[in-house]
Amino acid sequence: VFGMVSSNMFLLTQALQSVFTDPQLTDETNNKTGPAFTDLDRMEDFWQYMTDVASPGFYTEQWYNNENVSELGYILFENRLLGAVQIRQKKVRNNSCLVANDFKQEIKFCYNSYAPAYEDTDTFGPCENLNASNCTYDAFKYTPSTSWFGLSTTGQVSVYDQGGFTMTFGSSSAAFATEINQLFEGLWIQRGTRAVLVDFTIYNANLNLFCQVQLLFEFPAVGGLITSSTFRAVKLLRYVQTFDYFVLGCEIFFIIFIIYYTIEEILEIRNFKLAYFKSIMNCLDIIIILLSYICIVFNIYRQVQVNLLLDALLQNDQTQYNDFSFLCYWQYQFNIIISITIFLAWIKVFKYISFNKTMTQLSETLAKCARDISGFAIMFFIIFFAYAQLGYLTFGIQVESFRAFQYSVYTLFLIILGIFDFQSLQQAHRVLGPLFFLTYVFFVFFVLLNMFLAIINDTYVEVKAELRNKKNEFEISDFVKQGYTKMRERLTVKRDRIADIRRALALADLNRDKRLEFDEWRTEMKSRGYAEEEIETIFAKYDFNGDRVLDENEQRALSNDLLRQNDAILREMDELNLSKKNNMPVDNVDEDNERSKSAASQRLQAHEVSVEEYNELAKRLDTMETSVGFVLTKIDNVASKLDAYEKPKNKTNKKGRQSDSRNTTDEMNMESFDE
């Protein structure tokens, strides 16, 4: 999403506005500052604006020291004009409205507000009474739209479609001045003129940004002039810099995920059927997936169309107008759609934190008070729209904020937020203005708004009380504990496995010749439950000469590796215990610190012993463990034999049992001595 926009878009728009909308005209009568673009209100202001502001804005031909620039066709030295600047007029024909019978004798002309049904397409001015094919002045003959995807332009007065009396300006300020003068002398703007649109597109190569600009001059049926402007800075060439290709990789990754989740949602819908749509989060998933597909399709379409347009632009002459309005408009809409998509994705985060009762307060409160709010909303909007109609009908003639019903609604919402213009109401009507304002503030702000807050507050208190006695479905601390337990168990299993292999290494050499044959190793490991492949892998790793026998050096290498692995596991367990200690009560911290200090001192002492001494001690310890194991085995045999002698009760005397016991003990001692 953020690969599509940047702060440079605002800077580019601001720079172009400083050229075309911010400069003020000069009042020629007194040489004082006149109106800016947004304040133009007369037909004469249009011609002065085109001469004094538009001409130097379109054509940057000299540096600040009056030296000529090397390349023409740039705005502010950095922004390349893509093609020529186009001017287009929309007219309505005479008698497009009905004159009242009382004035028909005096008023012979009637020009309605603009609508496609009233549009005038006849030639005029120098080409009056001529066919369009015979007229050599493009600005005075009607040119229909040739675009399949023409966009309408929405002004403050009307909506204007494509086509009109169109002309493209030359590539220099001198040619522009000459053409503007021809239009002025030919009375190009007349009583039937309802709008003049100036369109052009620039490209900033430094930022890889396009900007489609439209300056709209509306001449309403009441007379005068109303201006508005549109600046759409967009990024149409997506893949230029290194970061752009990184974004391309992310987009491919995104498409794969969308396809995966589409399949997943289809399977869920097939399993749950209509019950699937009862969950708001499921519906949110569907909306996000649909919006994502819209963005994907447009992304591909935009890339193809931009390439085609740029190819045509490079082939055409710079005196022709290149229409980027369709692509720029839909790129702007694409940015809006993808912004909504990421907004919904953020809302979806509530789905993953809803296991905690604190995080469900908002949804629980809204769900519980939905019925009360619905009933209250009916009462609120009855009063609210009544005031909106009253304001529009009473003050709409004089107060701009009440000039239409929808603006009246906006104004009343702003009054609730504390934004209002009391003086304009008072000037509109000395009695009804203050009365309207005071009664609205009392009933809507003091009564209805506080009732609304009271409903939500009471419901929130109830939800808070219910959640206080409700246990979380899943605590974050439980998640941490489970992770700690699983990690501890995993490390313990690894440690036990290494200890088991070390014991197997010590016991496998049955003949004590310090040469461990594979059959001895396999027998011992098989008895401990290891798989054949694992037995073979471990043995082959340390059988350096490949003779299927581990000599003393090879056995030492295996033992050293096992010791290193065991030491690494012990360090991991110490780190795990340290991380757990941070979440333990204060009473246990001192005890853990003492354990950590003792463990650290033991490790320091261990480091003071050389590797050879350590290996020798480990070998002796393994031999002792082996001997103790044999002794314990024989003791178990003795105990089992004693149990066998004691089972037949009262059949043998105590002395016989003691004799047998001594004989058995002697045998055990002899065997142990032999071992």
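Cβ atoms here come from the backbone N, Cα and C positions, even for glycine.
Keep in mind that this is a model prediction, so the values were computed, not measured.
If you check TrEMBL, you get these features:
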- ASP543, ASP547, GLU554: Ca(2+) binding site (BINDING)
- CYS97-CYS110: disulfide bond (DISULFID)
- 496-531: domain 'EF-hand' (DOMAIN)
- 575-609: region 'Disordered' (REGION)
- 641-675: region 'Disordered' (REGION)
- 1-21: signal peptide (SIGNAL)
- 245-263: transmembrane segment (TRANSMEM)
- 275-301: transmembrane segment (TRANSMEM)
- 332-353: transmembrane segment (TRANSMEM)
- 373-392: transmembrane segment (TRANSMEM)
- 404-423: transmembrane segment (TRANSMEM)
- 435-456: transmembrane segment (TRANSMEM)
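Less than 8 angstroms from the CB of ASP543 (Ca(2+) binding site) sit PHE518, VAL549, LEU550, GLU554, each of them six or more residues away in the same chain. By the Cβ criterion (under 8 Å, sequence separation of 6 or more), the transmembrane segment (435-456) is not in contact with the transmembrane segment (275-301), since fewer than 3 such pairs are found. Among residues of the same chain six or more beyond the signal peptide (1-21), those with a C-beta under 8 A of the stretch's C-beta atoms are 36-38, 53-54, 57, 75-76, 79, 202, 204, 207, 209, 211, 213, 215, 229, 231, 233-235, 243-244, 247, 250, 334-335, 338-339, 341-342. Note: the Cα of ASP547 (Ca(2+) binding site) and the Cα of CYS97 (disulfide bond) are spaced 110 Å from each other. Secondary structure of the domain 'EF-hand' (496-531), assigned with DSSP and counted as helix (H, G, I), strand (E, B) and coil, comes to 23 helix, 2 strand, 11 coil.
The Cβ of GLU554 (Ca(2+) binding site) has 19 other Cβ atoms within 10 Å, all protein chains considered.
Of all the disulfide-bonded residues listed (CYS97, CYS110), CYS97 has the fewest other CB atoms within 10 A of its CB. There are 12 other Cβ atoms within 10 Å of the Cβ belonging to ASP547 (Ca(2+) binding site).
Take the mean position of the Cβ atoms of ASP543, ASP547, GLU554, the recorded Ca(2+) site; other residues of that chain with a Cβ within 8 Å of it are TYR542, PHE544, ASN545, GLY546, ARG548, VAL549, LEU550, ASP551.
Averaged over the domain 'EF-hand' (496-531), the predicted model reaches a pLDDT of 80.
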